Structure formats: C-alpha cells, structure tokens
Amino acid sequence: MSHALDEYCGSTFWNASFLDRPDPDLPVCVERTVLVWVPLGFLWLCSPWHLTTLFRKKPPKTPFSKLYICKQVLAGLLFLTAIAGLLFTLAEDYGPSSNSSAKKIPAVLYANPVLFATSWVLVLLLQEAVRRRERAVDSGSLFLFWMLKVICEIFPFQTMLREAIQQEEISDLPRFCLFYITYGLQVVALVLSAIADVPLGLNKNPEAGAAYLSRITFNWFNWMVINGYKRPLVQEDMWELNEKEATSYISQEFEKIMNHELRKACSRLEKQQKKKNNSRLKSDPDQNGMTKGISQDVLVMEEIGDKHKNKNKKEKKKDDSNYPKSWLVPAVIKTFKWVLIESAVFKLIQDLLSFVNPQLLKVMISFTQDKSIYDWQGYLYAVLLLVVAVLQSLFLQQYFQRCFVLGMKVRTGIMAAVYKKALVVSNDARKESTVGETVNLISADAQRFNDVTNYIHLLWSCPLQIIISIVFLWVELGPAVLAGLLVMIFMVPINGLLASKSKALQINHMKLKDKRMKIMTEILNGIKILKLYAWESSFEAQLQGIREKELKVMRNLAYLSSCSTFIFACAPALVSLATFAVFVSVSPDNVLDAEKAFTSISLFNILRFPLAMLPMLISSLVQTVVSKKRLEKFLGGEDLDTMTVQHDDSYSNVTLDINPGHLVAVVGAVGSGKSSLISALLGEMHSLSGSINVKGSVAYVPQQAWIQNATLKDNILFGSELNEQKLQRVVEACALEPDLELLPGGVQTEIGEKGINLSGGQKQRVSLARAVYSSADVYLLDDPLSAVDSHVGKHLFERVIGPEGLLKDKTRILVTHGISFLPYMDEIIVVVDGIVSEVGSYSSLRASKGAFSEFLDMYAKEESNRSDAQKDSAADAEQVDVVPESQDPQADSPPEDMVSVTLKRESSLRHSQRHAQPNGRYDLRTSSTARSTINLEESKKGQRLIEKEAMKTGKVKFSVYLHYLRAMGWWHASTFVMTYLLQNVAFIGQNLWLSDWTNDSETYTNRTYPADIRDMRIGVFGALGVAQGFLVFLGTLILANGAIRASRSLHTCLLFNILRVPMLFFDTTPSGRVVNRFAKDIFTVDEMIPMSLRSWVLCLLGVVGTLFVICLTTPLFTAIVVPLAVVYYFVQRFYVATSRQLRRLDSVSRSPIYSHFGETVLGLSVIRAYGHQERFLERNKITIDDNLKSVYPWIVSNRWLAIRLEFLGNLVVFFSALFAVLSRDTLDSGLVGLSISYALNVTQTLNWFVRMTSELETNIVAVERVSEYTEIPNEAAWITEKRPSADWPSMGRVRFEDYKVRYRPELDLVLHGITCDIESSEKIGIVGRTGAGKSSLTNCLFRIIEAAEGRILIDGVDIAILGLHDLRSKTDHHSSGDNGLKSIWFHMQDPVLFSGSLDEEIWKVLELAHLKDYVGSLAAGLQHEVSEGGENLSLGQRQLLCLARALLRKSKILILDEATAAVDLETDGLIQGTIRREFAHCTVLTIAHRLHTILDSSRHFHFYAQGDGIDAGKIVEFDSPSILFEKRGHFYSLAGILIP
C-alpha cells in the first residue's frame, strides 16, 4: 500500500524521521493524498441528501441574493483554479519546454486538479440545492467541509512556505501562486458559509435565520440575553415559536399516532376480557357447588360475609384495572423517534469522547516524566485536550438541547391530548376524578414525562460508561479494579434500601401534604364562616398538627438523604482506596505512579456520574410509571355518547313530548331529579334505554352559573359575532344595565376567576344573557331565578322567559321552585323521585287534585293565614297562587359579599330605585340628573378589584437571603458552611497526599517498596476519604435541621397572619393566590431551597478548591485566573438576569393553562351544550403556546450558558496543560496529574455553580412571597383585657347608637348613622333591595367591618372594646373539652361545608332541620363523609345542614341571612315553623327577600336606596308589619310588588 502511494505521489508517503525531530513536518505525499481526500470525501458523502432536494424541488421565484451570487462566483473561481492546475501539469508534461528524458510527472498532479474541478462543480450544485430547500439559510455540511478544507491545507501551506524560506527561492512558482490563491478563496468561502442567507420576512424568530455556527454555539440567543440584562423581560419580548415547536403541530402529530396505539390497546383489552369471560364460564359450575356446601354450616356464614367484603374490594380493584394499557409510551416513542435517534447519536459520540481525556492526561504525565520527549509533543497534547474538550462540549449541548426540547414537546402533546379528552369524556369517567385530579394530569403527570424524557438516554448511556470505564481501569490497574467494583456493587443495595425507605416516607409526606392543602383550601373557601363562628384557633391548631407530622416525616427524609449523601461522598474515596490498596498490596512490584493514579482518578470521576444518575433515573421512572397509568386511564376512558340525543324530525313511541315554542316548567321537591332531567336532555347522563330527540340548537343555563375569566362582553357573546343592538337588547332584558353602571369598565370589565367580582345574582343574569344572545331553538333553564331577588326575578320572567319575553317564540324548559310563574306556563312537568309523575297545564293539574294540587293548596293556605292580619282587604286564598306577582320565593344574590359592596362604594354610581307603578308592573330607571360629577381619575381608583398578581423583577434583595438564614438560625447556617469547608480541605488534602504518594515511584525505583510506608500511605489516604464522608454527613444533618426550623417558622408565621387578616383581603384576593403560597411556595421552602443552598455551597467551594490547587501546582496559572474570572462573572450575571425572568414568565404563563383547563372542566356541560368544543381547543393551544414561548428560550438560555462556561472550563484545562508544558523542568509528574485532573473536573463544577446560583435565586423568591403575606395588617385582637361576664349576653338586647361604617378609609360610608333599639327575644325582619346595606349591618355586629363612628351595645356592653373571639364566640376556658357557647349565631345564604364526618350525635337537630330521613337513609348514617365543599349534597341539603349547625347550640342572638333560599316551598314552610318554635326565647334578625319569611316578625327595618344613593344605608322605616302597611310607605310599595 505504502509503495503504491509512493509511486502515485512520486515521493515517500511516510517516514517516522519526519516527526522524530524538534521541528516536525508531514511528508508532501500525505499532504497531497490524505489531507485532500478527507475533506473531499466528507463533501461527497454529504452530497446525496442535498442533491435529492435539488432534483425534487423547483427553484423558488425569489431573486438571487447577493450572498448566494458571491458563493457561486467563488466556487466558479475555484473551479477555474483547478482547471489552471491541470493545464500547468499538462503543459509541463506535453508542452514545448518539456523534456522527455526528465522524471515523469506523478499521477497525483493529474488526479488532484480533476478531483477538485468535479468537487467545485458539486459545490455549485449543492449551493443551489440549499437555496431550493424551504426555510434553509445555510448548510452545516458545507460549512464543515470548508472548515476541514482550510484546516487540512494549513499543513501544505506551512510546508511550502518553510521550503521557500530555507531554499531562499521558490522552486515551482506557478503551483506556489495557484495554491495560495486557492487557499485565499477557500478562506473567503469559509467566512461566507458562516453567514446566513436570510430571506425577507423570516425574522420573527432569530433561530430560523441563524447560521450553522450560530446554531451550534447558540449565538443567535445573544440578543435575548443582552436585553434581559438591560431590563426585565416581559411576555412581549418572547419570539414566535418555530412551526414544529407549536402546539397545533405537535398535538396533531402525537394524536395521529396516539389514536392508532390506543385502538390497538383497546382491541388487546377486548381479547383479554373475552378470554377471562370464557374461563369464568368454564369454572362457574364448581363454584356453585362449593358455595352450596359451605352455606350448610351456620357458623361459617360470618366468615363468608368477611370474604364477600374482600371479594368486593378485589372486584373494585379489577374494575380499576379495566382500561387499555401500555400504549402511551409506544405512542410517544413513535411520534418523536427521529429526535430520539438524533440525540442518541450525539450522546454516544460525547460518551466516547469523554474517555479520550484520561488517555491524554496519561500521555501528558509521561511527557513531564520523560524529559527526552520533544516540547512540540507537549504542546500538541495541550491543544488536543482543548480540541477534544470543545468537541465534547458541542456534542453534549446539542444532545441536551434536543432532549429538553423533546421533553417540552412530550409535555405539550400530552397536555393537548388530555384537554381534548376532557372535552369529550363521559360523565361516568368524569366522576372518577375530581377537578383537582384532572388538573393534576396536565400539571404534575405531563411534567413527569417532561422530566424523564430529558434524561431518558441515560438508561443505555450509564451502563455503557460504566463498562468502558472498567475496561480502561483494568488496563491501568489490572484485577485490582475488581476491589473497587465490589465496593460499588456493595453500595447499590444500600442505596436501594435507603431509596425504598425514602419512597415510603415520600408517600406518607404526600398524603400529609394533600391533607394539609385540603384543609387549607376549605379554610379559605369558608373563611367568612370561620371568622363569624370564631373557629380560627381550632382550625389553626388542626393545621399545625398536620404540619408538625409533615415536618417530622421531612426530618426523617432528610436524615435518610444524609445517609445516602454520606455514602455518595465516601464512594469515590472508598472505591479509589480499595483499588489502590489492593493494587499496591498484591505485589511489591506494583508501585503507584502518577500516570496510573491520576488516569485512574479521572476514570473514577467519569464513573461517579452514571453511578449517581442511575438510581435517580430509576426512581424518576417509577414515578413516571404511576403518571403513565393515570394518563392511560384518563385518555383511555370512554367518551360521551353523542348518539344519546338525536336531532331527527321523525320520532315515535313518545313518553314526554314538548312542542316547539312552548314554555314548560319542571317542578318537584329538593333532590327529586329536576336537574337530572335537564342533564338528560343535554345528553350528559348515562343512557340505559330509550332515546332523546331535540330539534334544533340548544342553549343552557345551569343552576350554578359558570362564568369565564374574560370580559363581561366575552362572557355574553361566548364566541358569537358581535351585534351591538342585539347585545344592548339582551343586556337590558337581563337587567344587567344597572350592574354595568357599577362596573368600572362596563361591558369591558374583566371578570375574575369563577366570576369572583360578581355577586351570585349578577353571575346568573350573565349566564342567562349568554343563552339569550346565542339565539338557539331550545332553551334549557335550570332554575336561573333562584339566585336573584324577587324584583329581578319578575323582570327576567316578563322580559326574557315569559310569554311576552324575548324568547317568546322559542322552546323553553324552566326548572323552578317559584309557584308565582306557574300559571303562565303552557305545560308543567312534575318530577317525584326521578319519575315524571304528572304533565299538564296549570289549570288541569290543579283540577286533577294530584300531588301538585295538594302542595299548592297547603302553601296557599299558610300564606293567606299569614297575610290576613296584615292586609287592609282580605284576599282569597285561591287568589294568592293564581296571581303571578304573589310571594316570589326567589333568593337574592349572596347579597352583600364584600366584593360587590366595595365596587358599589368605590364607584359613586348607584343602583337605580325601582319605582312601583299602579298597575303592579315596574320598570328600571336610572337617574342621570342627580348623579354628581366626579373626577374620573378618582372614580377609577381601586376599581380594578382583583389586582394582577405582582411579579417581582430584577435581582432578589439580599435581605431575603438573610430572612431565610435567620429563620434557619445563625448557628445552623454558620456550622453547616464551616463543616463543608473542612470537607473541602480534606478533599484537597487527600489529593495532595495522592500526588505525593505517586512520587514514591521515582524514589523507590529499582528498590523494594517498604511495607510500613505503603501502609501509612494507604492509611492516611483512607482516613482523609472517610473524614470527607463524615463531614458531609454532619453538614447535611445540620442543614436538614436548620431547613426544617426555617420551614416551621415561615409556615407558622404565614398561617398565623392569614387567619388574622381582615375579611376584605379575602374578597379582593383570589383564593388560588393564597393557596399558591401554602402549596408551591411552602414546597419550595421545604424541599427546593435546602437542596439548592447545599449544592451552591458545594459548587462554590469546589470551584475555589480547584483554582487553588491549579495555582498551587502551576503558579503561572494565577495570571489567567483574573481575566477568566471577569469573563465568568459577566457571563453568569447576563445569564442569571435573563434566566430568572424567563423562569418567572414561565410560571406566570403556566397558571393560565391550568386555570383555563380547570375552568373548562367546571363548565363542560355548558361548552358541550353550546357545541363550542373546537373554540376551546384552539384557546387551549394558544395558552400553551404562550407558555412555550418562555419555556423554549429558557431551555436555550441554559445551553447558551453551558457552552460558554464549558469553553471557559476548556480554557482552564488548556492553560493548566500549557503551563505544565512550559514548567516541565520544575514540576514533578504527580502535581501535573493533580492539576490537570482537577481542571478536567472544573468545567462541570463551573456549570453547576452558575446553574445553582440561578436556581437559588429563583427559589428564594418563595421566601419573598411568603414573607409578603406575613406582613399584611391584621384585624383587631381576638381576646383583649376587657372580657365580658361568663353568661353574656343573657338578655340578647341590641342597641345601635348613631352607627356609621365604611369599608376603607378612602371610601364612602356604607351605613349612615343607624340608631335603633332591639329588645330581648324580639324578632326583627330586615328588608331592602340589593345594595341597601342589609348584610353590612349584620357584618357590623360581628365586627367584620369596624365602625367609623357610633357604637353597638349588646346587653349594655360596647362590642368595640371586646376581643373578636369574645364577641363571636364565648369559650369556657375552665373546661378543656367544651367547644364553647356561641354568643351570636349566624346563618349564611352561601352554605359552606367543611369536609369531615357528620358526627353530631343529636338526631333531634337533624329532625328539626328536616334532614333526619335523609341522614337515616345514608349507609354510613352520621359518619357519612361530606366531600370537599359539600359537593355530595344538593344545594338545599347544604342549607339545611348549616341550619342544623345553628340549631345545635341555641344562642341568645340569631342572625338568619336568607337561610331558606335554595329549598322548595314546602320545606321552607317547615323550617320557618322550626325557627319560630326553637328560637322563641332568642333575639332573631332575619334578612330576607321572601316577604312571607318575615311577615310574622315583631318589627321591621327597611333600608331603601334612592336614585341618587343618598338614602342607601339608612333605616327608612322601623315598625311592625301591620303599622308599616297602614303607613303605605316604602315597605308597602316593596310589598306591592310582591303581594297584590
């Protein structure tokens, strides 16, 4: 081979003498063959892929760019140089001056120009192919080709130059000139290939227009980093996503494959079930025989009962596993297979390159030992170390980039799939998980998949690294490696044991955390009840009890992790100790020299990573398997049967027929199945038999209004096109105009989460307006009038629902408790226990004397008896029902929730007065004349009720770190740092000891190694290793205790303060925000901060230690440290500023995904009823994309940082090697080995240090957020020095003296000088329209709002001087078990329930509250578990349960705030009787909108709001109902609307 090449070149191909000299050079033949073939071979290998595009795609219509023209001209010129080279050779051979006897010209001079000429033609074609490729701005392969070409030509470049200088003349001038011209053109071509050819309009995302070099070094990201450093980044700074990173593209690709895999899994499941069924059928006869045999024995019967229970449990488990499995992972792999393959290739190359460095280190050490080796070899090794490290960095970052983007795509795909599934999932499948659990699928489970995908390649990479390391170690140390390997293997089960223990603790921890969060959520949802009942202390104690258990588990977890940290810290020391000890002990000939020791150490360092990562990866995979099961169960669940409801024109065998255009009422008792009937019509119920046919489109108004977090206008339009006149008509008809005046932005007002800044009535009216605006054919109205007061209810019926309303020509099905509307119905459906018992018109049902008729008669008699005494002219009992304006049993909105009140006060615009008219009708008027002109700016102040959550920007203040360290305790903080410092000293000491040990090989050359010295070396080395482990263990323990102390302190302060802040805070802060402090932020304080603090300290000490050792060994290095540190500092500051803000943007843009998802799940029936699934899918994609816009740059920012830091680290390696070469004469080999092996480690440590700095800064924000909520001003003290007597209040007398109140100092008065006396045991009714201040009055009795002037006396005691708990509850402090007597008892309109057992032992109370039958029918009786928010009880049952709570302890003063709003009329009557009977001895204040509930009161307050709002919050009238009727004043006009 060599001879052939000699002939081909006409000179020697290879001779070792070329290198064996101080100034080496390559033979000319190598330069003309190998160095030419390598770049050209690369070009030809890459060309087929480009050429396919050239022949497939048509040339683009766009004109040629200048850059493209330049590139093609250059290639053309190079082609000409190749032709010129060929002509020179021909001229030499065959020209006139050629000498036939001269030496024949070698073949290479013919072959190379031809090779070049064809290659340049190929380059011309390839450049055109790149131009034709869509969205291509350059070609990576062409750039690499030019770079290879330029590098390879450096050798002939210096050879020709050197030859010319030596000979002082140029022997072959034409070729000499041609070569340098060609080289110049190639350098220009390289520069041009590094520039992107960006077409116009491709600058939305700089990555799309980035050149190859910019893409691999992430230079295109510089703009974002610089911007982020100059000012905090905002969402608008984020770039558009590339098409393939967008949600629509990812979800489309993923869904296609997912559906295919799911179908396969379903068919597998069907086959399995068939097999099971067949096997059951076969085994059935025997089982029957067995049971017959057993059942003869009476004693065994009980045992069978137990077995039966177990069997039920097993069956439940079986059902639980009855869903398609093992299809999600294959779907993910198939969707993203190319990215997986690509990243695997990068990872493999990087892994192999990582083993080159120890070998280079080995030759470096031998270079310093052997002084006969030429200097140039040392420089070559130093350069090679740099080149290998740079290549390793580039491949590693490309691998990471792909993996993290892949993780992001997997998460996106899963989130989109879960959302889409949620829109079509059947109600049975939906019931299996709560809203929270479903949201968890996209928050936690999708994130798990994201995290595990990032490191999935480690599954094969770790074992590969371990195997290669062991092979190399065997080469170095022989069988002694097995000792080290044994230590490693021995540590695996110990780690496994610790892992399983910690997993059990982790599960326990999660349960406790869930329990704590559940109680916390309930506290926040029922905070008003807590305050009114003074239950804060007991709930605080309950929560703190759970928190203490949680901290105990956390402490145990921390101790376990300390043990594993100890093992992990000792591992490298023990492994190297065992290996080296065995190596030197086996044979006296085995002397540990620097080469062996430091090559082995660097191999052990490589080995540490896979050994540490494997257990983490496996535990992460275990968690992901759980998530996989949950996702598979949800995504494989059955869909809603869209065929349940048909839309045909023809149908037969009709059970219930509703004619087009009819108005139909559905009536029945609480829990009889009225709402279920509506759900069935929507197709939301599981159909057992029969079918439903609905002609035309449907609009639906649910019982509990579903409001989106959008503007009021968007809530009404709900995706329909805007028609201003139609919108105006709908707003007017739905009585929303007065509300719009109150809202700061009118229809453009943003409505908070779950409609937080609207009262119940407003929400219901918006929900109705949405339905009316949709112009559907069929309207399903599920009791929309129950949440509005009588006036509004009547208005809505007349203007919208009734025979003269906007919907008069439409089919309307109205569920209602209100009998006043029934005479207007075309048809009435009576539902009893889930069965339609009667259907007919009002008169026919009355005449039939059925259940409906009895119910009406009973109610009518009761009413007539009650009103006879108070009316001037007696009214016939029959008449009360017939006339529609009779007692309308509708509830008001939760009348004065702080939110609406605050809004009302803050804008000086008042609700209009509703003027009664002679004919019994009324209209809504707004008084524009009396409105005072106010400064617009002032009116805007505070009108945005729910302020946007403040997102901190810029650097975290140092005081926040100090706050955390103070919470930890200074002793913990300082000793932890000191311990770690000592550990680092021990580490450096051990390595210096090893370097000294390796020098023994030179000392004892050709002599026996003394055993005592050997043992001393091993002993000290081992002791220092164990000392490190012990110190790390100690440090981790101290940190764990400090962290738990900080967690306890911060959580206690947060909880303490939150329970003591005034009610106003909760009305203006979404509960999610507060929950976030207790969930996410406390989790960060508990787990993330201690981890990142520990890592940060370790990295800092590691970096300092490394630089110290390198400077110690090669003092020259100190000159480089300062400039490197400066560059490092700037890179780090730039990165941290940007990364921190991108992290914040990520979390801010992540919340809308979850809230939109939660909102969708809650409003599913509405979305499906209107058929808006597609619109919501699109909205979801946009929301996810907004999040990805900050996630993607964050991923890139990490790569941007890593590549720069690794380059710095690579420079550290290069300089430490270079200075070792320069000072080879003064250095011993041990120190060189130590210095370079340390430097090889610094890259990783530097990277981690910056990452940890950033992470610590990101995490410490949690402390900032928690402490922000601990500084909110509190309400008055719970207990003061002034305590009331034990039996207070004994009489129950209440006196108001010129009582005035406002919500905030800068706002108007809510109550204007209330003065009145309420005697003991008096029954007082409080009436007045919404916004008059009724609930404000009751809030004042509990000091929910404090007085501005005046005072309230209860039994002669001024309530302002009492502690809030003394006022709200009286606790007997002498008895530990007694929960105390309530001094004032409050019953709210919004029934709030706390989950727990109904373990009240008194059935009597339940009987009085008319719940005895219901509770008796429950399987668990009093132990029946009430779910979160009382969701497993109907709204009416919740109200009754709250009433039972009040009945349990009879207080002297009882306040009822619309206590019977959600119950049917019959139950309402029974309850009123109970209240009259049971609370006869009490002072009772009742706020009501059903006048009959207060007509038997002894006296009435009447609040009234005039048109200009002056009289709002004043008592207009105060007397007994009969006298107020006689006066014919405000009360009479209000009653006139309600009572004819």
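Heads up, the Cβ atoms here are built off N, Cα and C, so glycines get one too.
Bear in mind that the values here come from a model prediction, so they are computed numbers and not experimental data.
Feature annotation (TrEMBL): of 606-626, 963-983, the stretch labelled transmembrane segment is 606-626. Within the model, the domain 'ABC transporter' (635-858) shows a mean pLDDT value of 83, rounded to a whole number. By number of Cβ pairs under 8 Å, the transmembrane segment (1018-1040) is matched best by 557-586 from the list 455-475, 557-586, 1098-1131. Only sequence-distant pairs (6 or more apart) were considered; of these, at least three Cβ pairs between the transmembrane segment (110-130) and the transmembrane segment (67-90) are under 8 A, so the stretches are in contact.
Of the two recorded stretches, the transmembrane segment (376-396) lies close to the transmembrane segment (1207-1224), with three or more CB pairs under 8 Å once pairs fewer than 6 apart in sequence are set aside.
Residues 67, 70-71, 74-75, 77-78, 81, 84-85, 88, 137-139, 142-143, 146-147, 149-150, 153, 156-157, 160, 164, 209-214 of the same chain lie 6 or more positions beyond the ends of the transmembrane segment (173-196) yet place their CB under 8 Å from a CB of it. Listed as Cβ neighbours of the transmembrane segment (34-55) (distance under 8 Å, sequence separation of 6 or more from its ends, same chain) are residues 26, 112, 115-116, 119, 122-123, 125-126, 128-130, 132-133, 139, 141, 144-145, 148-149, 152-153, 155-156.
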